[in-house]
């Protein structure tokens, strides 16, 4: 009976961690592809230039692959040290995620203020040498969200020291259209537009978060159950 339970747990653990590892491979692959083809695409922060979509995906994908590999090898070999390491790492990540969410809601106003200030600071680097990622990111955000600047289109006036905006702020794009009449520019703030988009997709974000949490909880339950069962089996045969 005990051997049957261990066999079922082992197959379940291997299958779970194989999916986990494959998911990490996919995320890592997308991150590498973005890094190669898009450079530092989606780098909007001036204080955290390495915080790009590509780098985040590479980091997350690598962590998931390592944890999935630990769990898979631990299940196949029934190695208690590997199973315990897998459990501790997954539990640590789970608690860090909960802590991050709590801190976000507690300090939401402070985070809003800091983010807007940092983004405005980043505008000064728009179009400068070595900041292709930041420049491309702002062009795409302003075009896709039909907005201009962080809190107002006038944010760009301080960057250019003139009454002008990037061409991506124009209602109808054309070369040097940012020098035209302000009536031909988007005036909505990008920061609020992105926040509105996130609020509109809040249900999808919560579903993703709950699925992620459920996956992690299943991993914790599988690994600890298998760890405890392996101890019992070893004690039984001893």
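All positions are counted from 1 along the displayed chain.
Every residue gets a Cβ built from N, Cα and C, even glycine.
These features come from TrEMBL:
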| type | residues | note |
| --- | --- | --- |
| TRANSMEM | 12-36 | transmembrane segment |
| TRANSMEM | 56-76 | transmembrane segment |
| TRANSMEM | 83-107 | transmembrane segment |
| DISULFID | 148-169 | disulfide bond |
| TRANSMEM | 203-222 | transmembrane segment |
Practice item. Taking the Cβ of residue 148 (disulfide bond) as the centre, count every other Cβ atom within 10 Å, in any protein chain shown. Key: 27
Practice item. Enumerate same-chain residues with a sequence separation of six or more from residue 169 (disulfide bond) and a Cβ-Cβ distance below 8 A; give 'none' if the list is empty. Key: 142, 147, 148, 149, 153, 156, 178, 185, 186
